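Quick look at what TrEMBL annotates:
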{"type": "DOMAIN", "residues": "132-587", "note": "domain 'Myotubularin phosphatase'"}
{"type": "BINDING", "residues": "N262, G263, A264, K265, N287, I288, C377, S378, D379, G380, W381, D382, R383", "note": "substrate binding site"}
{"type": "ACT_SITE", "residues": "C377", "note": "active site, phosphocysteine intermediate"}
{"type": "REGION", "residues": "449-474", "note": "region 'Disordered'"}
{"type": "COMPBIAS", "residues": "463-474", "note": "compositional bias 'Low complexity'"}
{"type": "COILED", "residues": "619-646", "note": "coiled coil"}
Amino acid sequence: MHPEMLSPFPSFLFNHVTVLQSQAKKCVIELGTIPLTTIEKLSDDVKLQPLPHLSDKSHPRELLQVIGKDMRIIVFAFVPKTKQKNEVFDALRRYTKPANLWDLYAFSCDPSTIKNDSEPKWRLLREYFRLFRKSLPQLRGAEEVSLSNDWWRLTRVNSSYSLCSTYPSELIVPRSISDEDLFQASTFRSGKRLPVISWCDAGSGAVLARSSQPMVGLMMNFRNNADEKLVCALSSRTTGDKGSPRKLYIIDARPRANALANGAKGGGSESSSNYPRSEVLFLGIQNIHTMRDSLSRLRDYVDAHGSISSNGTPSAVSVVGDRRNRGSTWGGGNLNSMTSFSSTLGEWLNHIQNILVGASWIAAQIAEEAAAVLVHCSDGWDRTTQLVALSCLLLDPYYRTFSGFQALVEKDWLAFGHPFAERMGVPTVAENGGSQYELLRQPSLGNLSSSPSRNALGPSGPSSNASAQSQTSNNSSPILLQWLDCISQLLRLYPCAFQFSSKFLVDFMDCVLSCRFGNFLCNSEREREQSGVTNSCRCMWSYLADLRASGGSFHEHYNPFYDPVKHNGALLPPAAALAPTLWPQFYLRWTCPIESQGGDLESQWHAMNKKYAEALKAKDIAELRAKDIKMKMESVKQDLQREKRASNTALVTAQSAQRENAAIKKAIESIGCTIKFSTSGNHEDRTEVLSCSLRRGTDVRDQGDENGDFSVSISAIEDSLVSEAPGDHFCESLCPFRTREGCRWPDAPCAQLGSQFVGLKANYDAFDRLSIQDCYFGPE
């Protein structure tokens with residue numbers, strides 16, 4: 001038990017689940033969150049052994065025990081002398097055992113939101129066509145599709161369920177058998193569940209058929225010609241085949257003694273002398289009551305000795321390491337408890353092994369001999385369904401895929417009338433259209449490890465017959481759980497043969513027990529049609545498919561080791577390999593959560609894959625960020641390149657302007673003018689100045705005065721300022737015609753035609769404004 005459960009805690013009861021919230025951690029406790037229909041028993045008289053860290057005197061509490069069909073046992077603690085416990089107990093008793101079918105949570109959804117791909121009948125018909133290796137044609141209106149070959153045919157004689165109320169509306173039967181023969185043969189079988197074909201091999205003609213026990217009577221001397229004709233037709237060959245009829249095996253799933261005991265009620269088993277080339281075998285599988293009690297003992301022991309226990313005792317690990325016990329105890333008891341555990345576990349595993357061995361033997365005869373096999377038990381809907389469905393799974397690799405698993409369950413479990421309502425303890429539809437239900441209550445258990453007994457909880461509802469029946473019987477049993485357990489054993493033997501994982505089987509079982517969906521309500525196809533389940537409830541197959549789609553190929557329902565090429569035929573395990581082990585993912589998930597997943601390679605792969613998926617997600621995010629940064633860097637690089645090109649262009653322009661400025665300056669100075677760059681101010685100047693002032697814009701920045709004007713002046717020097725010294729004239733330092741007497745302008749050769757200064761471009765408008773002295777020019 002969790003520590004939070006031993007103190008007052010907030011709990012919430014909804015119309016589907018009860019939720020337990022930890023007061024210390026402020027989170028929902030998964031163990032205490034259980035669907036209401038998954039609750040099997042309630043007990044308000046619970047005695048716990050005192051825990052070392054808690055004293056009953058200092059922590060008084062009132063306890064309520066909840067036992068689930070999914071192997072969990074929860075003990076809720078309430079504040080004493082309050083109405084809380086009674087209110088919760090009454091609410092749980094009322095909602096976990098509703099009186100009417102339509103009070104289940106599955107009917108609470110809005111019908112307009114239901115999206116079912118197809119009717120179960122059409123899916124069954126599609127599976128029949130697959131068995132015949134034919135394609136289902138396009139259907140138009142109420143057109144009936146015919147289906148037959150040299151061996152078998154499809155009949156709709158049960159379309160109104162007049163032949164057998166617990167069989168599907170469409171059946172596969174031998175081609176040589178008429179519908180009239182079927183009616184006559186049905187009277188010889190319990191519940192009119194006559195022999196019909198569940199699986200067939202269109203290549204070899206081998207068949208796997210199912211039925212209920214024959215009504216041979218106490219002396220086993222009653223016979224029925226139509227039944228014998230029908231059973232013999234299962235092993236017949238085609239008209240063109242001149243070989244002898246194939247071998248016929250009649251498999252009775254019960255122990256021989258049980259079969260003989262049923263003779264007192266009119267039942268019994270076949271005699272091989274009445275069916276040519278037949279052999280009758282008994283598999284010794286126990287009835288539903290034995291299976292229910294065996295699971296109950298296993299659940300109590302696993303709960304008492306798990307790491308999380310509801311009986312108040314410490315786990316086995318802590319007790320073994322306690323020196324004060326001097327090693328004399330194990331798991332809260334003496335060493336004999338190990339023997340008790342081995343006996344309890346061995347009993348359950350022995351049941352699983354019997355089913356595995358029986359189904360493997362049936363599959364081997366069909367695959368290796370192309371034989372005809374007829375399987376039945378008493379009613380033909382519990383042990384028969386387990387054996388037939390498991391044999392199909394071994395024979396046909398299609399059934400080991402998700403779509404095939406759905407087709408197999410809908411065919412052999414749903415269409416052929418496994419009584420899910422009775423086995424799960426939920427209401428169903430009575431013959432008169434009302435609700436029929438067995439309302440069950442468990443008595444005070446006292447010690448949690450004691451074997452539970454079952455009595456009636458109270459009035460069951462409007463039907464007095466149902467109420468009377470509920471007082472004396474309990475038909476709940478883990479039949480479907482045993483079948484899934486057998487598949488988990490095959491998954492362990494053949495890890496590459498199944499598309500689905502063990503986690504898928506666990507979730508599948510939880511969905512069935514929760515009654516959230518309408519697929520597994522009622523006891524037969526007929527009852528589901530009467531209650532309108534298909535159009536009123538959600539489909540579990542769609543939910544599971546959406547769940548897988550949300551996780552992609554890495555979802556935990558997928559088997560990572562699946563290899564369809566490696567196992568593309570029948571699986572025929574040898575008997576020596578069929579030694580089952582406890583299915584930890586289901587039986588130990590509440591009491592030993594760490595150990596239940598520790599040694600499973602599949603779980604380890606999914607855990608590693610989850611980390612890998614998270615790493616991939618982080619990698620994608622990092623790549624997106626890197627891509628974004630790269631794009632920004634490219635943008636900045638392009639901006640820098642544009643700036644560089646603009647800078648280079650400005651530099652070239654500036655250099656060109658500088659060269660032009662130098663040439664103009666040199667030219668102007670060569671004709672006796674000066675160029676002066678200055679800012680505005682008071683200048684005492686004795687030259688005639690031709691100036692142009694340019695006021696800077698407000699955006700121009702310079703190291704000088706920002707408020708001043710910048711001016712360019714071109715001045716002609718007065719003659720009186722021109723030095724007579726040779727070195728004072730500007731031209732004298734550059735003129736190649738200079739003599740010792742100085743510049744002879746304008747008589748010098750530089751002023752003559754052909755001089756290097758001839759052709760110099762000048763701004764003549766500026767020259768017009770210059771003061772030109774007459775002495776510059778000589779006489780004509």
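Keep in mind that glycine also has a Cβ here, set from the backbone N, Cα and C atoms.
Whatever TrEMBL says is automated annotation, not expert-curated.
Since we're looking at a predicted model, the values are computed, not measured.
Highest Cβ count within 10 Å among the binding-site residues N262, N287: N262. A count of other CB atoms within 10 A of each Cβ picks out C377 as the most crowded of the binding-site residues A264, C377. All chains included, 28 other C-beta atoms sit within 10 angstroms of the C-beta of W381 (substrate binding site).
Across N262, G263, A264, K265, N287, I288, C377, S378, D379, G380, W381, D382, R383, which the record gives as binding substrate, the greatest C-alpha separation is 21 Å.
With every protein chain in view, the residue among the binding-site residues D379, R383 whose Cβ has the most Cβ partners within 10 Å turns out to be R383.
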